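A.B. asks: Feature table excerpt (Swiss-Prot):
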BINDING   9, 12, 28, 32  Zn(2+) binding site
């Protein structure tokens, strides 16, 4: 039987076995999982993409043609 895939915990770098019974994967622990969640909530992480436009209000839009 082959050995399970081992990856690094994205938070602390500890080795983590990539197995279906590891409820924290890809993290090594609940603590590392919550640290990562907090970083997303604090907007320390972002998914790259196009810059969002400023809020546009309906009064700023040209009238629609019927």
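Placed from the backbone N, Cα and C atoms, the Cβ positions cover glycine too.
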A.B. asks: Going by a 10 angstroms cut-off between Cβ atoms, which of the binding-site residues 9, 12, 28, 32 has the sparsest surroundings?
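C.D. replies: Taking 9, 12, 28, 32 as the binding-site residues, the minimal 10 Å Cβ count falls on 12.
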A.B. asks: Using an 8 Å cut-off from the Cβ centroid of 9, 12, 28, 32, can you name the remaining same-chain residues around the Zn(2+) site, in sequence order?
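C.D. replies: Other same-chain residues with Cβ inside the cutoff are 10, 11, 13, 14, 16, 27, 29, 31.
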